[in-house]
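What TrEMBL records for 1-27 is signal peptide. Residues or ranges marked as domain 'TRPM-like' in TrEMBL: 30-85, 117-225. According to TrEMBL, the feature transmembrane segment maps to 269-289, 325-344, 350-371, 391-414. The annotation domain 'Ion transport' is assigned in TrEMBL to 277-471.
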Amino acid sequence: YKCFIFLFSCLFRVLNMFFLSLELSCGDVFSISFSSQSCDLHPAMFSALVGDKPEFVRVLLENGVCVRKFLEHEDTLCELYAHLPCYQKSRCDFFIVQVPSKGLVDLPCSGEDWTPDTVWDPGRDLFLWAVVQNNTELAEIGWEQCRDCIAAALAASKILRKLAQEKMRELASHYEKQAIGVFSDCHSWDAQRAQKLLIRISPSWGRSTCLWLALEADAKSFIAHSGVQALLTQIWCGELSVDNPHWKLKPLNCSSRLMSLFTSPQVKFYWNIASYFGFLWLFAVVLMIDFQAYPSWRELLLYVWLTSLVCEEVRQMYISDLWNILDVLSIMLFIVGLVCRLVASGTVFYVGKVVLCIDFIIFCLRLMAIFTISRTLGPKIIIVRRMMMDLFFFMFLLSIWVVAYGVAKLGILIHNEDRLNWIIRGAVYEPYLIIFGSVPTNIDRWDKCRALIPSMSNHTWALNSLSLCITYSYTFQEVQDNTDTIWKFQRYELIKEYHSRPTLPPPFILLSHLILFIRGILPFICCKANNVVL
């Protein structure tokens, strides 16, 4: 045993002397390198990156290696990607095409002037190379080399969440926290300049802003930051005074005050709420007291109103969440109901009215979107939406059990049923009623076969209710724990929508769409006229 301890201590001393000599030799290398060019260390830098030596990479960067000169040739970055185990040469070429090119611009190195036209950031390329291979230490070094570190962290969070691996999700959360940390330091130093940093266009990241990258990355914690929320409040109020609850306007002339008032996203929001209530009132009047064989003036006004809503949906041209899906669904149902209604024959006319009545329900459900701006009701709507999704999947599973039991019951108790409506009733409708205790009576030899039907109503209903209550409780607790963060993220989406929305509410929004159409088509007409003259 003593001999073993002696040999181990000798081995430790030898290793200690070896690493000490290695450290001295590295110092000699860098003392020699100081008099040489940075490019002389590029092979060592490449080997350190490929060999996953983050400490050596950091030492090289601290001792004269310039990332810009190291990645000056695109072949270097391509070779780095070629050494990744999950990337082939073709995939490397595809990736390089996607990032902004450095072009023919003479790019300055570290410490020189940086112009807004410059779009190539070598630190970004090194950072993305480390991120896609989930290398935390090398990614941290690359992130430190990025010029726009907040945008880089949010972009990395977006990429890693898209790759959808467990370790990558942890790294995505890490970079979201890094972005929050950098922004918090900037906000504590100068709040106004930090807010400008959020909406500053970053040429290195596809001319996007940090605020847009945070939305794309689903960075709820970043959006919930007090500095980001202060900027959103300013955008929401527009030119109106943020701190004055009575909307006292800033010192402006009369026309500027009116323009500032009506272009404020907050005022647009309230105008659209009033307009939507008017639309629902008109829709209800037409359905209840003015639904004639030939459209009246109220019904024609309703069609014009809906046309303005359709134009606005076409202008937005995206389906990003549940509210947009409801908008598209309600418009499609209205068109179907209108076509059936205009046929003006007895049965089809009535079917059109039924479809329009169902469509009215969907338009009323769309009202919940206006409460997302409320700090009290907004989280409750999120809870209801999550519970509706839970209910959908629960009903899907329940339908499997109901149909399976219904087919088995129908095959055992009824011999060769050939009526389609009775088959559907016996296989779907009656098994569903059995859950609530209703027993069917239209069965052959009912007295002899009563024992074949299991008394499943009480047990099935209790089991289903218990499962649904457990699911609802989990969803409620999950949302309740993150109520403030989720509400602030939903608020951002609403503010973004009304910031880009035209000033006039429906149906007068048709005038705004007409102006936008004329502005869009006028340059093409002028260009075509100039070509004809030439």
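Residue numbers in this text run from 1 along the chain shown.
Even glycines carry a Cβ here, placed using N, Cα and C.
Counting only same-chain residues 6+ beyond the ends of the transmembrane segment (269-289), those with a CB under 8 A from a CB of the stretch are 296, 298-299, 301-302, 305, 309, 353, 356-357, 360, 363-364, 366-367, 370, 373, 494, 498, 501, 504-507. The average pLDDT computed for the domain 'TRPM-like' (117-225) is 87. Long-range contacts of the transmembrane segment (350-371) within the same chain: residues 269, 273, 276, 279-280, 283-284, 287, 291, 323, 326-327, 329-330, 333-334, 336-343, 377-378, 381, 384, 494, each at least 6 residues beyond the stretch ends and with a Cβ under 8 Å from a Cβ of the stretch. Assigned with DSSP, the residues of the domain 'TRPM-like' (117-225) fall into helix, strand and coil as follows: 82 helix, 2 strand, 25 coil. For the domain 'TRPM-like' (30-85), the DSSP-based tally of helix, strand and coil residues reads 39 helix, 0 strand, 17 coil.
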